[in-house]
Structures are given as structure tokens and as C-alpha cells.
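*Asks:* Checked TrEMBL, it gives:
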type	residues	note
DOMAIN	546-698	domain 'STAS'
TRANSMEM	79-101	transmembrane segment
TRANSMEM	121-144	transmembrane segment
TRANSMEM	193-213	transmembrane segment
TRANSMEM	219-243	transmembrane segment
TRANSMEM	275-295	transmembrane segment
TRANSMEM	356-376	transmembrane segment
TRANSMEM	397-419	transmembrane segment
TRANSMEM	439-469	transmembrane segment
TRANSMEM	490-518	transmembrane segment
Amino acid sequence: MAEFNDVHSGTEMPEGDDAKCSFHNRMFLEPQEKKRSVKALVVKQAKKSCSCTPAKVKDYVFSFFPVLQWLPKYKLREYLLGDIMSGVIVGVLLVPQSIAYSLLAGQEPIYGLYTSFFASIIYFIFGTSRHISVGIFGVLCLMVGQVVDRELQRAGYDLEPDALSVLTDTAAYVNTTISPVNRTSQERLCDKSCYAITVGATITFIAGVYQVAMGFFQVGFVSVYLSDSLLSGFVTGASFTILTSQAKYLLGLDIPRSSGIGSVIATWINIFRNIHKTNICDLITSFLCFLVLIPTKELNEHFKSRLKAPIPVELVVIVAATLASHFGKLRETYGSSVAGHIPTGFLPPSPPDWNLIPNVALDAIPIAIIGFAITVSLSEMFAKKHGYSVKANQEMYAIGFCNIIPSFFHCFTTSAALAKTLVKESTGCRTQMSGVVTGLVILLVLLVIAPLFYSLQKCVLAVITIVNLRGALRKFKDLPKMWYLSRVDTVIWIVTMAASALTSTEIGLLVGVCFSMLCVIFRTQRPEAPLLGWVADSETYESLSAYKNLQTKPGIVVFRFEAPLYYINKECFKSTLYKQTGVNPVGVKTAKKKVAKRMLREKEVDSGVNETSISMDFVSEPLGFHTIVIDCCAVQFLDTAGICTLKEVCRDYREIDVQVLLAQCNPSVRSSLIRGEFFKEGEDHLLFHSVHQAVDFALGSQGRSGNSASK
């Protein structure tokens, strides 16, 4: 049974002995019984999980395959037109981006098309969001590409500048590129591009396994450590790395792809060292593509409310550039680098390389976390906007299977992408059916159109990739507003962005998470701790430093600590309390002891009367207050150090005749105080539900003390 004070306020206090009887009533709160039997909890959960009924099996199947729930309810006349329109438009936009982002992931263009096709179909089956577009995402392509480059080097493949070149003589290639040391283990009927997609598919498989495991164990809470400012800074920093990796294609330079810490700086150094080798044809083509793409993209955004569908300028540019390159013989005449042969149809499925799993298992962790964090956040954002609900754990299953299953079909990592999701929403998407339409558009390209892109210059693909970074790079314009709203979030954004750009994407993400957590710790380590004043004609107490015209009660100090009280900030709590009250009880006790010793010495040597009276006056000098009320409304929890600190503060102030009262403690804090034996027997009345009650109690108890003294 918990017992707390309920003071009768707002009425005149009776005088004399009646005041002692009617000063306050006790309010009793009976705590809920908590079943702490772990065994009973485990048995109950096991029975619930292991029980099998037809209804439960049906619910499980329908929740695991959401398509079985919404497809029978599909309103053909109402939904079909919007789904077809959005699916076709997203598919048209996705074809050039899939080809371009394959370059970023160190793969051939055909694998980007495979990836987009399978992701669209699989999310249709497992996904719960009606609007997000799942497919290739630039940041994940960059992270996969970095791992692919590293593993190619480890396997003994020489990193040629042209990562996507198609080699005609596989046997000759293997013999000339595999080092003698690795030839025994690496000799196979698989050229460099084949090994690259093997690495990409393996890391995709492992990332998908992680995501499904996160959904199974319901550890989606990991994404809460990736704040909006952190994710935004990470994407912007990675955008610099993407831009840097594509810059060599704009100039037609043959330089190796740098990886590891400082790869951005190393790449730019290589670019400027080889700037004299710029291919003028690629440079002019890049400039012309920028000249067309950027203004048209801006027009699309400016008039998106008036346009029924965005202008597919990327597809127009790719078709025009391919025709110009083919008929102008730019490869033969000027040595421009082109996409090369893109086969039609599908390759036979093959499993990931199990021997590669130890090499890439660690790299797959940040890829999996970024992938599901972006997918879940986008799905929840659009679900809230359109008034329906999504299941976060099912979204993790969906994105996990969008990686596991395609990894057997020569695909690399996917997730939701904001730009394509916005297009999908704005063009009339109503359900996941639009993903099937997108998949059919890509299938048409895979089966018929793909070989026609043979003469497409790689600089055009690089331009498309860079132009799509505009949204991330524009975040710099939002920094003043972000700084005004939250300086801490702005610093997190800058630190994460700089770390991601200057070191590597994985290290940048880790730095961002650690720094944001440190910011939380620092904010609780030195929190606000103001003195409070009374708002006239109310029972409210607010900060004296924040508001004017607040009143204080004579002899009472009200102090609020706006953070949990635990081992990190316990010293800050004490020092701030002593500073705000102006009294350090330890110092006062020490001073009293020194004066008492001096008086004793003076008496022993028969010193003068005047000095002794001065010392006595110092000992009995009033402090200016008799009660401290600690407002604990912002103290979420106490640990052992926090309880000991409160005990110490109360004891020290009690020794100099100052009582300490606690007010507005939440149930967790009250429970911690009781378990920590904070209250001595009969002292549990020093805990109050409100500051006003505590202040009235202090005034009444001081009045009673005064009356007792006068008698």
C-alpha cells in the first residue's frame, strides 16, 4: 500500500491544535499486483505460440501473405486505372535508373533490370504499403559496389577501370587475371563480371536473412537509433561518394575505383592527375545531358500539381543518346565507353557462394539496417498520409524476401526509394498492384528491348545517377531552418554527413549512431535544473528563469531536475542543487565544526567574550529557507546511484535543519525509492503528488513548529 499526502488547499488553515488534526489527509494508492514469475510467463507464451487451430493458421497465413487479404477486395473499376498509370510511369523511370545504378554497384546493366523486376513482384506479395516503390536505391548500390570491389581484389581479379566491360574470351581472361597464388582456388568458368554479381548476390542474401531475422525476433526497435537527421545526413554524405564515383565517367577517364577510408579524396586526386586524358566526346555528351535533364526535372517538380504524369525525360535522353552514339559511331571514332551487350531473357538461378559469407557477413549488417529503416519509415509515412496502417515487422519480412529470393536470380540489394515512391503516389497509385505493372514494363525491356542499349555511353548513365542526387544535396539549403529548430539535430546531421563523405559509408553510419547517442547522454548529463516560482491564483509552478511575475513562498525553495537521475549526472544534480539554493550543506557542516572547535579552544585559553559571541552568531546564522521541494516530474527513472544521491542530499540538508520533500514522482521512481529504502519508518509522508501539496505541507509544518516553539 502506497501512502501520499493530499493537502487541503484553497481553504484557511485553522489555528491551534485543530491545525494539527486537520492539516492534511492521507491518500492511499494500492499498487497493481505484478506477476514476476518468469516460468509462468514462458509457459504462457509457449502455449500461445505452439497452439494450432484452423483459425490461427488462417490468420498467420493471411498476415504473412498480405496479398491474400487485399486482392480479393480489389475494386477493379476504382483502382485499376490509377494502378496501371502509376505502374507504367514508374517502370519507364526505373529502366534507365536500373541500368545507371548497376554501374554504381559494380555490375552489368542486365543485373539492375533483374533486381528491379524481382523486387517489384515480390513486394506485391509480401508488402503492406500501397504506395512505396521497392527497387534499386543509390546508397545501397554504393555500399554493395564497395564490397564488390574489395572482394574482386581479394580474389585476385585485377580491377580494370571499366567495371562493366563484357569480356569475350573468358578462358584467356581467367588465365591472365588470376594470380598464381589464387589460381588453384579461383580457377572457374566465371569471368570478372560473373564473380562481381556472385559477390553482390551473396551480400544481398545475407542482408535479407538479417532483415527477416529482425522481423522474426521483432527487433525493429533498432531503427529508432536512426533519427531523421542522422538518416538525412548519411544519405547526403553518401551522395558525395556517389557523385565522386561517377565523376570519372563524365570525363571519360580510365582510373581505378578507390575504396576504403578517404576514398572520396583519393578519387578526386586521381581525377585531377588524369584530367589531361579527358575524353572530349564524353565531356560534351555529359554537358548536353545535364543541360536537358536538370531543367526538365525542375519543371516536373514545379508543375507536378498540374501534370498528370512527370515527363519521362531520362528515358528520352537514353533513347536519344543511344541513337546518337550508334549512328555517330562514337565508340569507334572517339573511344567513348559504352554499356556493351545486354542479353535478353533470364539466366538460370544459382545459389549464393557460401564460401563468401564469412567475408561479407559484417558488411551486410549496415546494408540490412539502412534498407529496412528507409523502407519502414517510408511505408509508415505514406500510410499515415493516406489513412491506413502498415505492419512494421511484416515490412521487414517483405524487404528481407525482396533480397533473399532475388539473390538466387543474380540480383543485388534493394529497398524503398523516396523519389520513385513520390512519383508513384502522385500518378494515382491505389494498391500494390501497380508494382506488378512496373514489373511487366521491366520484363518487356528484359525480353525484347535490352540489346538495343548496346551503344549507350556510360557518361549518360553517370549523368542520370548524379541528377537524381539533387534531393539529397539540397538538404544544405535546409540547414538554417534546422539550426533554428534544433541545434543538436543540425550537429548530428553535419557530423554524420562529413563522416560518411570523408571516411566510408559504413564508418559514417557508425559515427552518426554513436554521436547521436552521445548527444542524448550529454543532454541528460547536464540538463536544465531551474528554481520554480508560483503562478498567482493557481497551483502551478514554473521556471523563474523562463517566466516573469512568479512568486516564491518564504522559506521554501522549489527545484526541478529535468532528466533521469542516474550515475552519469548524479554529481551534476548535487552541484546544481547547491548552486541554485546557495547552500552547500557539507560546507555549512564543515564551517560549523571549525567554529565549534575554535570556540572550544578559546574557552580553554580564556579568550575574550566578544570573539566568542561572534562565533556563536556565525554558528546560528539562518540559511534563508527551511524546506527544499524537489519537483521530480521530469525524472523518468532512478538507478542505484541516483537513489544514493537523493539519500545523501536529504541526510546532509537534514543535519543543517532543512527538510527535503519530493513531489510528482512517477510510479517507476516511487517504486525505486521504496525498494531502495529511501524512506525511514514513518517518513513516507514526505512524498507528494504535486508541488503545490508539498509547499502547503512545508508552510503548515513550519507554522506548527513555530507555534510549538512559542509555547
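Quick reminder: no glycine exception, Cβ is built from N, Cα and C everywhere.
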*Asks:* Give the one range among 121-144, 193-213, 219-243, 275-295, 490-518 whose Cβ atoms make the most pairs under 8 Å with those of the transmembrane segment (397-419).
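*Replies:* The listed stretch sharing the most Cβ pairs with the transmembrane segment (397-419) is 193-213.
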*Asks:* Give me the mean pLDDT over the domain 'STAS' (546-698), rounded to a whole number.
*Replies:* 82
*Asks:* State the non-local partners of the transmembrane segment (121-144) in its own chain: residues 6+ outside its ends, Cβ under 8 Å from one of its Cβ atoms.
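*Replies:* Distant Cβ neighbours of the transmembrane segment (121-144) are 64-67, 90, 94, 97-98, 101-102, 104-106, 112, 115, 200, 203-204, 234-235, 238-239, 241-242, 245, 363, 366-367, 370-371, 374-375, 378-379, 382-383, 386, 388, 390-391, 394-395, 397-399, 401-402, 405-406, 412-417, 420-421, 423-425, 429-433, 435-436, 438-439, 465, 468-469, 505-506.
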*Asks:* For the transmembrane segment (275-295), which recorded stretch in the set 219-243, 439-469, 490-518 gives the largest number of Cβ pairs separated by under 8 Å?
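*Replies:* Between the candidates 219-243, 439-469, 490-518, the best contact partner of the transmembrane segment (275-295) is 439-469.
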*Asks:* Is the transmembrane segment (490-518) packed against any residues at least 6 beyond its ends, judged by a Cβ distance under 8 Å, and which are they?
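*Replies:* Answer is 139, 142-143, 146, 225-227, 229-230, 232-234, 236-238, 240-241, 259-265, 363, 366, 369-370, 475, 479, 482-483.
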